[in-house]
């Protein structure tokens with residue numbers, strides 16, 4: 001291929017620049033997402049693990065908080081760096097399998113117009129670095145098994161891709177344990193490909209050892225805490241996640257990829273099945289294995305999404321070859337991708353004010369749905385969970401101000417979930433709120449604090465239930481928010497006095513891993 005055709009062309013740079021600009025212009029349009037508050041709290045309690053995830057996202061949150069601050073813009077900066085990294089990796093994958101500039105443009109455009117990727121890289125989460133690690137692992141495995149390496153390339157050249165692969169997979173599983181499924185899929189693909197002869201070398205196994213070594217502290221944490229993540233997963237599957245039938249699960253893949261991403265991914269899967277490029281079969285086996293495992297586990301549909309960038313790359317290279325000598329169809333294809341994909345952007349990026357978004361969804365005939373068992377609200381959950389948190393803090397602060405100074409000094413706030421707890425900790429210092437405790441996930445592990453026997457302000461729940469632990473429970477206020485999730489609106493705020501038992505004795509009964 002002509003070296004000039006392998007340069008990243010202007011249209012591709014326009015796609016990347018437009019994508020990053022769209023994120024920058026909308027970072028603070030709504031508010032902080034509930035999980036972002038929680039990750040900041042994790043960062044204040046650094047550990048090798050948490051009930052619902054490994055430590056990577058907490059380390060990211062701690063780093064951000066101690067360098068550039070905790071504003072909504074600061075919190076979301078790491079995801080933008082991850083986005084830039086994924087774009088670079090996909091371009092490298094395109095080049096590695098013989099693609100040129102048009103293939104990079106198609107890959108980036110399909111990725112940019114995917115609802116899942118567009119939203120995932122907009123906020124602080126585990127999901128953004130997960131896509132980065134999985135994509136980088138695919139690239140490193142391709143480097144490690146490059147069929148064009150000379151037999152006498154040297155031990156150092158053979159070793160470093162496997163060592164880097166092991167380190168990256170270690171980072172992946174320290175981000176989300178589901179990285180093991182991707183790693184197992186890649187291993188299965190390697191076993192089923194002609195490249196399996198590489199397994200006779202010690203270096204792949206050294207790479208596996210590196211992954212195990214990186215992950216070992218998290219395993220030790222799980223053992224020391226009686227495997228809380230296993231309990232969390234059981235409870236989530238039983239009570240929270242809506243199981244999907246296979247057809248619905250596959251349909252969700254199309255919705256998350258978007259029509260353009262799904263089409264390019266299918267083309268990529270067909271190309272890989274036909275052994276184009278040679279060696280790409282490893283990717284296809286890994287994607288199919290990952291999809292199958294999550295389907296059989298009845299997991300959330302988006303768990304598969306970090307696997308698809310390799311299909312986008314393969315599909316884009318295939319389309320480039322077909323369009324290489326067809327200038328008019330090439331331009332028409334790019335234009336069609338934009339026409340079909342752009343209308344989905346307001347559904348995944350906060351480009352519209354909430355009222356305009358509701359009207360836009362109504363015009364498209366779209367309702368609000370959820371992958372979890374709860375009532376839906378006026379906005380999709382991924383937007384609704386960015387609203388109402390300051391109003392919650394204001395409502396609780398209003399109740400706190402009614403307490404006598406001596407009670408305020410020893411009071412604490414008990415809430416029902418980590419979103420409420422994280423938000424009150426975030427907005428609390430400027431409002432003079434007392435310490436916040438909760439029984440949800442990692443907050444339960446952090447405990448109730450010292451037994452002061454003082455007043456507890458309880459947000460949510462039922463007064464009769466609270467009277468089992470307190471001699472006096474009085475409703476002193478209510479929360480109010482129009483755009484938040486319904487279960488966060490109109491919550492009672494109780495002032496509870498007279499603990500019947502020390503709080504540390506009650507604490508085991510409030511544990512809620514889900």
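Cβ coordinates are placed from backbone N, Cα and C, and glycine is handled just like the others.
Annotated domain 'Glycosyltransferase RgtA/B/C/D-like' per TrEMBL: 52-221, in sequence order.
Under the heading transmembrane segment, TrEMBL lists 12-33 (among others). Here the transmembrane segment (12-33) has Cβ contacts under 8 Å with residues 71-73, 75-76, 80, 83-84, 87, 91, 101, 104-105, 108-109, 112, 118, 121-125, 345, 349-351, 354, 382-383, 385-387, 389-390, 423, 426 of the same chain, all six or more residues outside its ends.
Sequence annotations record features per position, and here TrEMBL assigns transmembrane segment to 53-73 (among others).
Marked as transmembrane segment by TrEMBL: 80-97 (among others).
Here the transmembrane segment (103-119) has long-range neighbours at 8-9, 11-12, 15-16, 18-19, 86-87, 90-91, 94, 131, 255-258, 260-261, 264-265, 302, 305, 309, 312-313, 315-317, 319-320, 333-334, 337-338, 340-342, 344-345, 347-349, 382, meaning same-chain residues at least 6 beyond its ends whose C-beta is under 8 angstroms from one of its own. Feature annotation from TrEMBL assigns transmembrane segment to 103-119 (among others).
Feature annotation from TrEMBL assigns transmembrane segment to 162-191 (among others). Long-range neighbours of the transmembrane segment (162-191) within the same chain, counting only residues 6 or more positions beyond its ends whose Cβ lies under 8 Å from a Cβ of the stretch, are 53-57, 126-127, 129-130, 133-134, 136-138, 140-141, 144-145, 198-199, 201, 203-204, 206-215, 218, 229, 281-290, 293-294, 303, 306-307.
Sequence-distant contacts of the transmembrane segment (203-224) (same chain, at least 6 residues past either end, Cβ-Cβ under 8 Å): 47-49, 54-55, 144, 158-159, 162-163, 165-167, 169-171, 173-174, 183. Annotation source TrEMBL lists transmembrane segment at 203-224 (among others).
Annotation source TrEMBL lists transmembrane segment at 254-273 (among others). With a cut-off of 8 Å between Cβ atoms, the residues of this chain six or more beyond the transmembrane segment (254-273) that come close are 106-107, 109-111, 113-117, 280-281, 283-284, 287, 301-302, 305, 308, 310-319, 337, 340-341, 344.
What TrEMBL lists as transmembrane segment is 280-296 (among others).
With a threshold of 8 Å between CB atoms, the same-chain residues lying at least 6 positions outside the transmembrane segment (302-320) that come near it are 86, 89-90, 93-94, 97-100, 102-107, 110-111, 116-117, 120, 127, 130-131, 133-135, 138, 178, 182, 185, 252-253, 256-257, 261, 263-272, 276-277, 280, 283-284, 286-287, 290-291, 294, 333, 371. Summarising the annotation, TrEMBL assigns transmembrane segment to 302-320 (among others).
Proximity of distant same-chain residues to the transmembrane segment (332-352), defined by a Cβ-Cβ separation under 8 Å and at least 6 residues beyond the stretch ends, is recorded for 11, 22-23, 26, 29-30, 105-106, 109-110, 112-113, 115-116, 118-119, 122, 258-260, 319, 323, 360-361, 364, 366, 380, 382-383, 386. Annotation comment: TrEMBL describes 332-352 (among others) as transmembrane segment.
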